[in-house]
Each structure stands twice: as structure tokens, then as C-alpha cells.
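Let me begin by presenting the structure, written as C-alpha cells, before commenting on it.
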Amino acid sequence: MRLCGPPVYSLVGVVSLLLSLWEAGCLELSINPRLRPPRAPGGPEGALRRHKRSWVWNQFFVLEEYTGNDPLYVGKLHSDVDKGEGNVKYVLSGEGATSIFTIDENTGDIHATKRLDREEQAYYTLRAQAVDRATNRPVEPESEFIVKIQDINDNEPKFLDGPYTAGVPEMSPLGTSVIQVAATDADDPTYGNSARVVYSILYGQPYFSVEPKSGIIRTALPNMDRETRDQYVLVIQAKDMVGQMGGLSGTTSVTVTLTDVNDNPPRFSRKSYQYTVPESQPVASVVAKIKAADADVGSNAEMDYRIIDGDGLGMFKVTTDKDTQEGVLTLQKPMDFETKASYTLRIEATNRHIDPQFLSLGPFSDTATVRLTVEDVDEPPVFSTPLSKMVVSEAARVGTIIGTVSAHDPDASSSAIRYSIDRNTDLERFFNIDAMSGIISTAKPLDRESNAVHNITIFAMESQDPSQVGKGIAVITVMDINDNAPVFAIEYETFLCENAKPGQVIQTISAVDRDEPPNGHRFFFALSAEAAGNLNFTLRDNKDNTASILTKRGGFRRQDQSLYQLPILIVDSGNPSLSSTNTLSIRVCECDLDGLAQSCTAEAFMLPAGLSTGALIAILACVLTLLVLVLLIVTMRRRKKEPLILEEERDVRENIVRYDDEGGGEEDTEAFDMVALRNLNVIRDHKVRRDVTPEVTSFFSSRPVYKTLPDNVIFREFIWDRLKEADVDPSAPPYDSLQTYAFEGSGSIAESLSSLESLSTDSDQNYDYLSDWGPRFKKLADLYGNTEGCNIFS
């Protein structure tokens, strides 16, 4: 089987195709007989002719991106077995068979039915087979061949990593490498120039250049200055076909930033600076700020400041503000206008990081002069000694001079000074100070045991300007004298066992003294004079500020005496010495075998003489219980009350609420004088209570009329009259109650609207209509309906 392909369009392709066709027998080479070499003697005539092979392998070449309307002819399959009688059929299989490539089974012609793209697939591997049409059996063995897609320039170069950013130090020399760019072309690099790329710079000249083959970008100018221009944007082009016309191209941008180097020294904007500082400026505060300008940035602009000369080397200090790179001038000592009115400093600013290769651009430092003028201010008085320490004895009399404080006006005016004590620091006013001389003296007796140290504040005030006040401290220590006698250290509770032996220690005592002698305390113990000859106890001074109490005898009995009082004399070692007598209580107790007290009272021996405590408590509880019962019974009887109306029958529909309230009610019309609540202008007839026998029969026969008096006088007279009447009227209810009077005054035209006025009329109300309201109002009708019965208002 022979493969015959179409012509190709390049020199290499033509040569390759011709050789393939010649080897397949599709191309007959005709050799000129004159150029044919002589035939070998005796050799056959066809010694120079190449014999045809029955099966020849070769490649097909197909151009990519075919745009024709007809299928693209690829090549032809032909078998030597095929005599042209139609008995042989050609079959194609493999990659793209039937979908991309088709074959004419009669002629063996192969066509491509789709557009091919080499960048998607560069070649296809197919298999060819010649079979007998009748039997469908192979007439020759199956063989593979390749259809190779021939490249055309259909892809432009692309910068896959663009756009680019790069940096290069300023002041770099010519040709310094900045960055390398790279473009890729999807075309076949082994075929033609479709993928051969060259680089050029479209925008960015004359500052930068690019190498055509490598894509390396370099500086094209020396000593480019960042302070003049710090950023450049370049446009780089990559073109295939070695940059020839008709080639495709792509572009990218490269942003180049000039990085800073320390090529600029610091410079002060002025050579001299002037500042004014008040003399009251506090120490460690900022008095001035100066700054040297540096065109560099970052660490290249960092600088240090120092004072190199001047008359204020010890007064001021300069430091660098790390955020603003300013020189901060601070005060180290207090200033005094009267002592020195101005200071001059020479300050140097130096770059912290200096690049040796740029030393020729230096020096990288600069100096400036700073003049500080001290401004005079009115200052408060200043104490010669801010803290004065003084000592006084607690035995000092009132008015004793303790010490003197002194202050002066630091200003040129030198105003006179007046002194005073801050009473917030001397609340009890123990001390006085002379306003003119500053002499401190005692104003009250002192007690070291109450307050050993007095810390008082002294004010010094200018006489001409009292607002200017200075403060000083006086620490007054009160020295001790022996003015406190020693006493027992604690309140002792001493127990003595009945079986105690003679000479037994029953208590060890010690003493305390509020005084503090310089050499420490030394106490002496002894029995007082009245106890020195007692037969029960004795005292032994232990010489270590303690003493032991011992028994002189044994056989102590609670029945005989349960408590002993032992007076003890304690003397201190002061000069003069002080003493006190302290009484030690010794209680006789019944003890166990170990000497522990069990019972210390004589109660058990007194019980037979009378009742026990438990019996007395039981009797008292019974008496209290009886008293409570009696009180309950009396209270219940007083609260019990008979109903006003006896009901023979109770209507089940009635809802009666009973209130057990004391009082006369509606039937008791004589118990209270209701007319007292009427208008005072209505004169009532006095009615004597029927339930009380009056002892005094004289009453006020009439009451004055108050209509002509002012309202405030009317009320006062009304209340006063009622008070006098209640005081002398024995029938006024009740005798210890608070009487309330409803008095409206005399100013109302309508006069009184009280319903109580109805009591002063003699008219009777007719309640006969209650009988017509049904059985539920029967009781009311019986009470009020019969006018001939008992009238409760009569």
C-alpha cells in the first residue's frame, strides 16, 4: 500500500514530501541517460532502478486553520493488490477517524472535514487497512501513519506575568538591571519564525532600555534622582517572526520605582532660632522644637541632635522625636530670671545612617544656633528649707517656741512675707506661727502618746500680692517624758484550786507603759502596803518585767471565801518614777486531778437554803401566762357588743356586714353634740348628756357671731372658743379624744351645704314609700315608715 500526500508550502516541507512520494512509488524519478552512470559490466539493465515496496510508511502534512468550504484533501491510500476492479475497500481508524478525517473506501482519498488547530493537537495517529470487499478480509497487514498539523503564525506573544512592578535604587549607574520580562508564543517553536520573539520598548525612553532577545530592562541614564522623579511607567512590546513585518505582537506595562538612598544631607531652614521661655517652666518640660529638613525618606532621613556648644549645656537636653525627626529641647534645671536672663545653644543635626559611596555629597550634618530668652514671672515665696524638722517636749508649756521657718520673695521686688499655718494639717490647733517672723510656738499642751509627730504645712504669702503663696513643711516631733504609770498588760483572770499547795505559782503577770524611755522599760512589782502582811498569797519579782503570784498556804475552801482581791504595786524606772496599784482577782475553784478548774462558784452550797434557779424560772413563767390570759379575757369582753336591732327572722338574701365599733350610733343622739359641726352662726340649744351626771352646770350660754371678723381671726377665735368649752364641759365625749370641727367660715354666699344642717330643722321625713319597695326593704319600712313610732331624729 502506498501513501500519496498533497504538496506543502515550505522548502523543508517540499523536500520532505518529495522524498516520501519517491519512496512510496508515487513519484517516478526520470534520470537523463547522459547523466546515468555506466552500467556495470555484466550487470542487469535495471541495476540503478529502485524496486517498489508493497507497503511504505510516511507522514501527511495538513495546514492548520483551513478556511475553505470544501473538505481539505489530506492524501491518498493505494494498495498494489488494488487492480482497479473494485475488489478492494479502504478502511481508516484511529484518532479523529470518521469525526475529523474521512476516507473514500473506493479510491482511498483522505479528507479533513473540520478546521484543525495545532495549538490544540499537533498530530493525529491513524491506522490504514485494505480489505477484500467481498469477504471483508484484510488483503494486506494494517499499518499506522501520522497526520501532522502544519503550523501557521496565528498566535501573538503574551506576557503571562504582566503587568510588572520593579524597583531600582536612585543614582544607579548606566545599564543597571531592573527586571526581566518574558513573553510566550503558542505557535510551533520548531517550525519557522512564528514563535521567535524579540522585545522592544515603546514608552519609557530615554530612561530605560530593553534587550531584544532576553527581555532584560536596564537603566539608560545614570544618576536618576528619586527626589526629582520617583516613578516611571514603561510599555514593553514582544513581537514574533523575529520582529519582521507581518508578525504578531503583545505588550505589557512595567512600573519602575526609584528607591531611596541617603544622598541628601540634613539642612536647617535657618541658621538661628529664637524662643522665649517663662522662668516658671517646670523641669523636664519641652521648651522648644527644631527640625532639619532631609529630602530622603525612611531610615535615610533619620538623624540625631546634640548640643555641641553654648552656655546652657547643663540646663537643657536635646533628643530626637522618632516620629517627626524633630529635635526636642527639654529643661533639665529650674530657671531663674534674676540669676540668668538668656541662654545660647549650638545644636548639630547628623544623619544616623550614612552611605559611604555618597560621602562626596556631604557633609551629612548641619548646625544651628538656638537662643532662649527667660521671661520674668511673679513667683511665689520660696522657703530657705522646704522641709523643716523640729523637736519639742511633751511637757512644754503653752507658748513655748519650737523653731522658726524662713521664706523670701525670689522676684526683684522682694516683697515682705507673711506666714500662716494650713489648719487642715493642724485641725486641733496645737501650734501657732508669728505672721511676720515665722516663729512656731505651742498653742495647746502636747501629748506624745496621742500624737508623736505633727506634720504641718506652712504658707508664706507676699504682702503686696496675697495670691502668691509658697508652701513649706514643718515636721515637729514630740519628745517623751515619764507621764504615764505602768498598768497590767491584760485583764487577768486567776483561778485557784482548792487543793493548791503552799508556794504554788498561780499566776504570772506583766505590765505595759505608754511612755517610751530611751533605754527601754524596767518595771518593779510588789504587794501594796495593805496586802504585804496577808497570810494567803505572796509576790515574787522575776526581774524581767514580770512577777509571779504564789500561795502562802493550802486548804482554800469556796465555802469560806470564793474570791480574793490582791492589790499589786507596779513602779517604772522613769525619773521621776511613776507607780500604780492594780487589783488581781483570784477565784477559788474546784479542780480535777490535772489541776483544771471545774466549778468556781459557791452556788452549790447555797441551794439547800432556798429554791433553785430552775424553780424560780418556772414560777415566773406561770405568773406571766396567767397575766396574758386575764388580759385576753378583759379585751374580748370590752369588744363584745349587742346588736342595735333584734332580728326575729333573717332573710337569706340579705348580706349583713357587722362592725364591732364603739360609739353611740344613730340611737345615741345625746352622746355627741352634732351641732358643733354646723355653721357657727346657727345657735343651738345646749343639751346635757343623759348618760353622764354633770358636775359643773355652768356653760357658755351663747357663742359670739364671727361674721364681722376677718377670716383668719374667725378661725382662730372659733378654735379657741371650742378649746375652752371642751376644757370646762365634763360631758364632752370622750375626754381624751381629738375633737374635729368642720367650720366653713363666713365668706360663702351659699353658706353651709352640710347635710348636718338638717338636724337643726324640725321637719320630719316621710318614709312610707319604703313599704312599696318589696320584702327586701321591710325592715327599713318598719323602722322609718311609721312616723308615729320612735323617731331616731327627735
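Cβ coordinates come from backbone N, Cα and C, glycine included.
Marked as domain 'Cadherin' by TrEMBL: 79-159, 160-268, 269-383, 384-488, 488-605. According to TrEMBL, the feature signal peptide maps to 1-26. Here TrEMBL flags 605-634 as transmembrane segment.
For the domain 'Cadherin' (269-383), the model's pLDDT averages out at 91.
Helix first, then strand, then coil: DSSP counts for the domain 'Cadherin' (384-488) stand at 3 helix, 48 strand, 54 coil. Across the domain 'Cadherin' (269-383), the DSSP tally of helix, strand and coil residues reads 10 helix, 55 strand, 50 coil.
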